[in-house]
Amino acid sequence: QLTPSSFLRIGQLSNVDLNEDIHELETELPRQRPNEIPHNEKLLSLKYESLDYDNSENQLFLEEERRINHAAFRTVEIKRWVICAMIGILTGLVACFIDIVVENLAGLKYRVVKDNIDKFTAKGGLSFSLLLWATLNASVVMVGSVIVAFIEPVAAGSGIPQIKCYLNGVKIPHVVRLKTLVIKVCGVILSVVGGLAVGKEGPMIHSGSVIAAGISQGRSTSLKRDFKIFEYFRRDTEKRDFVSAGAAAGVSAAFGAPVGGVLFSLEEGASFWNQFLTWRIFFASMISTFTLNSVLSVYHGNAWDLSSPGLINFGRFDSEKMGYTIQEIPIFIFMGVVGGILGALFNALNYWLTMFRIRYIHRPCLQVVEAMLVAAVTATVGFVMIYCSRDCQPIQGSSVAYPLQLFCADGEYNSMATAFFNTPEKSVVNLFHDPPGSYNPMTLGMFTLMYFFLACWTYGLTVSAGVFIPSLLIGAAWGRLFGISLSYLTRGSIWADPGKYALMGAAAQLGGIVRMTLSLTVIMMEATGNVTYGFPIMLVLMTAKIVGDYFVEGLYDMHIQLQSVPFLHWEAPVTSHSLTAREVMSTPVTCLRRIERVGTVVDILSDTSSNHNGFPVVESNPDTTQVAGLRGLILRSQLIVLLKHKVFVERANLNLVQRRLKLKDFRDAYPRFPPIQSIHVSQDERECMIDLSEFMNPSPYTVPQEASLPRVFKLFRALGLRHLVVVDNRNEVVGMVTRKDLARYRLGKEGLEELSLAQT
């Protein structure tokens with residue numbers, strides 16, 4: 001996986017001040033992994049490549065596009081709709097699979113533990129039940145953590161930050177592979193069954209994206225199978241659009257909220273958008289919800305009912321009983337403030353925890369041990385809270401799945417157990433809909449406190465897990481507490497219904513942690529099936545976002561920053577007008593001549609120190625009168641395909657080249673182009689010449705060196721470029737702007753700051 005040298009190339013980290021002892025440790029034990037990785041949030045990692053969202057308009061591309069007539073374009077458009085339908089269907093089926101397996105396994109676990117507790121309550125010796133529960137949890141989570149840590153580490157977490165980066169144009173290794181999908185699905189089942197404070201909603205977004213990327217390419221590189229369909233879509237631009245559809249389908253399968261899915265993809269995911277895309281994405285989301293709905297309805301035995309649109313169903317809120325009055329609006333705004341502050345606290349704690357994890361817990365075995373520890377602690381905390389709670393409620397008329405009696409009288413159950421002794425989704429629904437008086441305020445307060453820290457500790461473990469449901473659960477608990485205390489104060493007036501405040505609290509807490517406004521409002525409205533709450537939910541979320549942003553940024557942006565990803569936001573930093581392209585660009589640039597020696601090309605590509613991916617092409621024989629002006633741009637991947645097929649001038653003259661290269665040859669090598677080391681070039685071939693004229697992009701985007709940074713940024717970001725050539729007034733190449741040159745500048749506390757680049 002990671003050799004020590006690739007893990008920490010100390011030599012190239014000279015611009016980061018490292019502690020002295022690490023230097024000594026490196027010199028003495030060169031082959032051992034360091035115990036501490038010096039990580040600093042003011043870094044940008046050089047290991048991330050960019051995706052190419054700009055088509056290379058070389059002669060081959062133009063010839064192919066001119067050959068395609070109107071009817072062929074129609075078939076391409078139809079294929080796009082077919083792919084979107086398939087994305088929806090498959091995402092819905094994956095969601096069904098996760099849901100059914102989790103329900104059965106978790107049900108089995110809770111039944112075993114419940115029987116055990118009931119048995120030992122009668123005759124004493126409850127510590128054995130605790131051991132059983134903790135061991136069950138830890139062993140299940142161990143399996144889930146081992147597959148993630150040792151097989152596919154990119155499947156850890158919810159996957160939303162990774163997909164966000166992918167859609168922004170950063171190539172995160174392995175993020176949309178089939179292997180990642182399998183590990184993600186198994187991992188999320190195991191971590192939810194293992195009783196961690198996680199939800200299965202976040203990973204659905206990642207799963208949908210992987211499905212979309214796989215289907216739209218018409219082949220699987222992991223399985224080494226090529227189905228020879230959808231070959232037109234084998235490039236980054238098309239793949240990106242389908243991935244945003246997959247993310248939307250994932251959201252709508254998770255919450256039963258197709259409109260919310262589209263808005264999520266627009267707000268959190270996609271960095272590029274157009275109108276045709278909206279309609280196709282909405283189609284994929286609708287199909288995904290419908291598939292999930294019909295399969296689950298058949299599974300639950302009421303085939304014509306279509307009553308379970310999403311993985312989590314908040315249940316219906318009746319508008320008659322549950323209206324809101326004008327004097328409640330300040331109360332909702334206050335709840336938004338509380339949610340923003342708690343969310344900021346959650347993010348700040350998680351930030352320090354993640355820094356600690358990056359520095360010290362970077363070995364896979366340690367990560368597995370930590371996950372098991374968290375699982376055991378979660379079970380222990382739950383058990384102790386249930387054991388100490390004296391909050392008994394009558395069983396009849398309540399809908400508790402696994403009522404634990406413990407020390408309550410006959411015919412009563414322990415109400416703390418409904419919160420802990422259940423999957424988090426069920427607990428949320430209980431908090432929303434249980435009649436007033438089902439919970440003791442003390443129970444809710446203790447539960448909120450404990451679960452807040454557990455959820456914070458759990459996010460960022462090496463397991464597949466989402467943060468949506470735990471946030472909703474924390475918020476629903478303190479919101480219900482808030483509602484109960486309000487009805488105490490107003491002496492039980494009709495409008496202080498605890499369920500309504502639980503909903504507002506859930507929205508406030510989730511908004512305070514992930515800072516989504518538009519999509520979250522719609523998701524909550526669609527999941528509760530109630531439009532009357534649109535306005536209060538929007539108010540709560542806006543307040544939570546404003547208050548939270550005052551302290552720290554949202555959870556996903558924070559994790560993107562912690563992983564040192566060169567992420568480009570919508571706008572350049574506000575105060576960056578003073579910088580010009582000349583100060584931002586990378587120099588010197590490796591240029592190629594239009595007709596170049598093969599040996600030179602091979603040497604340039606094999607040079608590991610300058611790992612460039614785009615090379616400006618200049619005029620080949622500049623005499624004294626003619627300037628070596630820019631003629632085009634050629635990519636590393638194109639050069640590798642040319643060398644692999646040995647397209648040399650001499651061979652063409654001798655008619656040794658069987659046929660002209662077509663675009664299909666480039667598409668077949670996408671997305672994993674072979675490394676230059678695997679291509680054998682003999683000594684004689686090194687002396688041949690290679691003509692780049694028909695393969696280079698003859699019209700690359702360029703900027704003059706006096707252009708200001710915001711202008712360069714706008715051009716780069718809006719067109720999704722990977723290379724932007726900087727030229728002087730004689731059209732000679734003076735530099736190259738890439739993603740890292742722009743992502744380096746960030747607004748910090750003191751104003752504009754420049755991040756250092758590091759190899760880690």
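Cβ atoms are placed via backbone N, Cα and C, with glycine included.
Automated prediction, rather than curation, is the source of TrEMBL annotations.
Taken from TrEMBL, the feature domain 'CBS' applies to 696-754. According to TrEMBL, the transmembrane segment annotation covers 81-102, 130-151, 181-199, 242-265, 277-299, 329-353, 442-461, 467-489, 501-525, 531-552.
Within the chain carrying the transmembrane segment (329-353), a Cβ under 8 angstroms from the stretch's Cβ atoms is held by residues 452-453, 455-457, 459-460, 471, 474-475, 478-479, 482, 486, 501, 504-505, 507-513, 515, 536, 539-548, 550-555, 558, 562, all 6 or more beyond its ends. Across the domain 'CBS' (696-754), mean pLDDT in this model comes to 89.
Among residues of the same chain six or more beyond the transmembrane segment (81-102), those with a C-beta under 8 A of the stretch's C-beta atoms are 181, 185, 188-189, 192-193, 200, 204, 207-208, 211-212, 215-216, 230, 233, 242, 245-246, 249-250, 253-254, 280-281, 283-293, 295-296, 299, 311, 423.
Here the listed stretches are 277-299, 442-461, 501-525, and the one with the most C-beta pairs under 8 angstroms to the transmembrane segment (242-265) is 277-299. Listed as Cβ neighbours of the transmembrane segment (501-525) (distance under 8 Å, sequence separation of 6 or more from its ends, same chain) are residues 251, 255, 257, 259-260, 263-264, 266-268, 314, 317, 332, 335-336, 338-344, 346-347, 428, 431-432, 467-468, 471-480, 482-483, 486, 531, 533-534, 536-538, 540-545, 547-549, 553-557. In the domain 'CBS' (696-754), helix, strand and coil residues by DSSP number 16 helix, 20 strand, 23 coil.
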